[in-house]
Structure formats: structure tokens, C-alpha cells
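Q: Mind having a look at this structure? Questions to follow.
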């Protein structure tokens, strides 16, 4: 067994252990690099960052992450629209017995869910633009599509079907952003900050939800179409922020190297790290990315068929991406965010809009905590603690709703004390969700796949998120109308399944580059042992030597056992 292996076995925190360092290794390729250059990656230190360095990184990444604001804004304003009188008058039905307009369960479900259908399709359609046009231009295109959808919705008048068509197109753009923005963030972010920077996407989603709640709260007393058209009109401001921002942010160095644009790739890495393109750290990063690209090319051209490859572990990662994004919706979060105003009116609150603003505030500030800690705690711990915390809160929320909210039956008055308790545990639930699953699910999907199939795999994973959001958004009015707060127990069962899946199947990737994550999967490390895995480059051995050493060690153990 090598000295590197001994160090791994004897040290608990092996990723930071003082381990054997290999001598410089000559490069075996020359695409875009000086043939005489020697890359001694183990001895190259990352650039030291002061306050200005961190500020530059976050400012460059923020316009990309603002793509998360678009679906968040829709969630916030839609939750208010379904309770607005003028909106119901324009797109609802008239009830002669009461003399009021209302939205049927079908129409309400479609109003909420059509956006999700558009997002699912948009992610699948537009993700491939990232490989042909680049990440930045692809984001600009999907934002323009989003603006077209907003125009169709605003121009709708007493035509609910026109509004729904606009909602789908609106979703196409937002869905494209849900794939492209985390993708670009994960590819330009420094390894030690990647989790927090990808989490900015979710932070902006919560910011969009919060401001959406505030906008409908501000327009709810208008007695004309401005009640809902003003919040929709603000979409153009958010879209312009993203388009202008794309002029300032660097392109993905991985995309640039795949296109043989090596100088631009080094400039991109240098810009995000605020150093010279000739800095040794920049050369090392470009060298590692180039190695990964060349290794992927040796496997042939990318295809949809490759997503089902067992040999390269892509299928395993695709299943993980699909399940993590599915579980994100099965936490039950959109039960509160889409129908929050309606839910809290049912617990006796006269102004559900105000409660929605409170929930939006908790959601936003909790996500700020996630941005700060996700690169310190790790992905697995965040997801495990989050599932356990949400499970406890949902059990209490559902139990109070079932047993205590209506002490004299569903037709009787609600208990104010029980209603207040439900709001408190809803806030605890949102805290657990926003600090864990909300950002980490996007991180896991953004960093799990090799660049060769990344756009395809991310689009499928994210489409599953939107598909489940559609199902929950559409069927929730029917389910709650039938089983009321027993619905919460359905999500409890899902949370139990989530906890078990993460523990047994999801590896830890904190502190690893995207290329090192590829090696983690190739070596077949058990997920519950993955936190102590050390990349070959830090052990002082190559990837091939690592695989050979692992096989030899297994043979040695088998021989020893037979000898006994």
C-alpha cells in the first residue's frame, strides 16, 4: 500500500491532510498550451482573496443567479392573483347564487401549473443552446422568450385561454434559465465557493417570491386591471437586468476550451479570480479542464444514448439528478408558496396577503444563511438535516390542522390559537427548507455531470422538477378540498424517503472540482464514506494508478482472507 493510502487511513480529515506530493508531470497534449510548459498542480497555490476579490466574484456571478428571480416572481404574484377580485372577474366564472366571480379548482390548478409545464419544456428545448451558442447568449435568448410570454399575458382581457398560452411561453423562458444559470454558475465558480455561488440562484428565487408577495399586496386594492397587470409589467425590468448583466459576466471556460478558444478560457478564469491570464493558478485550472475535455472526447461524441451508460456512471448520476429534483418538489414547499394566501385565510386570518409576506421574508433570509454555510457543512449533511427538520415540522403542522384547527368540525369556526401555531411551524418548516434542500438540490445537479452530457442531463433532471411542480400545483386544490390537512402526511412520507435516499446513494462533493467529482464517481466510493475521499492529484498519484492500486489492494485482502 502506498504512503498516500497510509495517510488516508490514519487521518480523519483526509482532504486537508498533509499527504504525499508527486513531482511535476509533463502534459501529454498541446491544444492551446505551450509544449514546453510544466504544470506542477500540487505546488500551485490558489490566489489569495481579500475583500475586493470576494466582492468581484459575487458581483460577476450575481447577474447569472438573477435568473432564479424569474420563477420566484411568478410564484409570488400567482399566489396573490388567485385571490384578486379583478383577476377573478377577467378569468374566472360568475356564480349567480352569490353574485361573485370565482376560479374553479380546474382553472385555479391550471393557472398555477401551466407555468411549470412551460418551464419543463423550456429546460429541455433550450439547454442544448448552451453547447452551440455558449451559456451567456443562450441565457439572453431564453430571457427574450420570457418577455414575449409576459406580453401575451398582459394583453389578455377576459380570455383565460390567451392568458394560459402566455403563461406557458413565459414558463419556457424561465425554465431555460433554471438549467442554464446554475450550469454557468457551476462552471465559472472557484471550487471553494461553488456551492455558495450556485446557491445565489435559489436566493434570488426567494427574493422574487418575496417581492412578488409585496407587489400584489401593494396592488390588491386597485379596482381595475392594474391590480394584476402592474406586477406582470415589472417582469420586463427583471429581464433587462439579466440581459445587461450577460454583457459583463465571463463565459464558461469549459465551453470555451471545448470550442478550442483557449486564450479566452484563460481570460475567463483570470477574470473571475481577479488575476492575470498568465498566473500559474489560471494555467493549472485551464490545464485540468483541458484534460477533462480531452478525456471525454476519447469516449466519442455526446449523445442522448450516453445518458444511460452504466460504465461511465452517467446513468447513476442522472437518476440522482432526477430524484433530487423530484424530491425538491415532494418536500411540499409549493403547497405553501402557491397556496399560502388561501391556506392562511382558511386558518382564520383576515388578510392572508400579510402572512405570505412574512413567509417570503423567512424564506429569503434563511436562504442567505444557506449561501454562507453550504461550502462549510457539505451537501449530504445539509440534505439530511433538512429532511429531518421538515419532517418534524410537517408532522406537527398537519396534526394541528387535523386535530385542533376546527374543534367543532369543518363547518364550525377555526381555533385562533391552533392557526397561530400552524403559522409558527410553517415558518420553521420554511427555514429548514430554505437553508438546505432549496439551494443544495440545484448545486447537486449543477456539479454532478461531465461537461460532455451536462446540458442534456441537467435539462432532464430539471424538467422532472417542473413536472412535479405542475402535478402538485394542479392537483393540490382537489386534494386539499377532499382530505384537507391530511395532505401534510403525504409529504411526511416523501420526506422519509428523501432522508433514506440521500444517506445511501448521494456522495459528498464539497471541496472537489468538477473534474474531481468525475473521478469520485469512477472510483465507486460508497456515499456514506465519500466525505473522506481524496482525489488522486492530492494523493500524488494519477487516476489510472489510483484504480490499479485499488484493484491490487482488493486482491491483497482477498488473498489474506484465503490464507487465513
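Cβ coordinates come from backbone N, Cα and C, glycine included.
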Q: Do the topological domain labels in Swiss-Prot for residue 190 and residue 447 match, putting them on the same side of the membrane?
A: yes
Q: Checking feature assignment: transmembrane segment per Swiss-Prot, candidates 295-315, 463-483. Which range matches?
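A: The range carrying the transmembrane segment annotation in Swiss-Prot is 463-483.
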Q: If you look at how Swiss-Prot annotates this chain, which of 20-40, 83-103, 230-250 comes out as transmembrane segment?
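A: It is 230-250 that Swiss-Prot describes as transmembrane segment.
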Q: When Swiss-Prot marks a stretch as transmembrane segment, which of 254-274, 485-505 is it?
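A: From Swiss-Prot, the annotated transmembrane segment range turns out to be 485-505.
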Q: Between 404-424, 425-445, I'd like to know which one Swiss-Prot lists as transmembrane segment.
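A: In Swiss-Prot, the transmembrane segment feature sits at 425-445.
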Q: Who are the long-range neighbours of the transmembrane segment (230-250) in its own chain, taking Cβ under 8 Å and residues 6 or more past its ends?
A: 60-64, 66-67, 69-70, 73, 77, 80-81, 136-137, 139-140, 143-144, 146-147, 150, 153-154, 170, 177, 184, 188, 208, 212, 215-216, 219, 222, 267-268, 271-272
Q: Test the contact criterion for the transmembrane segment (195-215) and the transmembrane segment (137-157): 3 or more CB pairs under 8 Å, pairs 6 or more apart in sequence, then answer yes or no.
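A: The answer is no, given that the two segments have fewer than 3 Cβ pairs within the 8 Å cut-off.
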Q: Look over the recorded stretches 110-130, 137-157, 168-188, 382-402, 425-445 and say which has the most C-beta pairs under 8 A to the transmembrane segment (463-483).
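A: The listed stretch sharing the most Cβ pairs with the transmembrane segment (463-483) is 110-130.
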Q: DSSP helix, strand and coil counts for the topological domain 'Extracellular' (216-229)?
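A: Residue counts for the topological domain 'Extracellular' (216-229) by secondary structure: 8 helix, 0 strand, 6 coil.
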Q: Test of understanding: applying the rule of at least three C-beta pairs under 8 Å (pairs 6 or more apart in sequence), is the transmembrane segment (168-188) touching the transmembrane segment (382-402)?
A: no
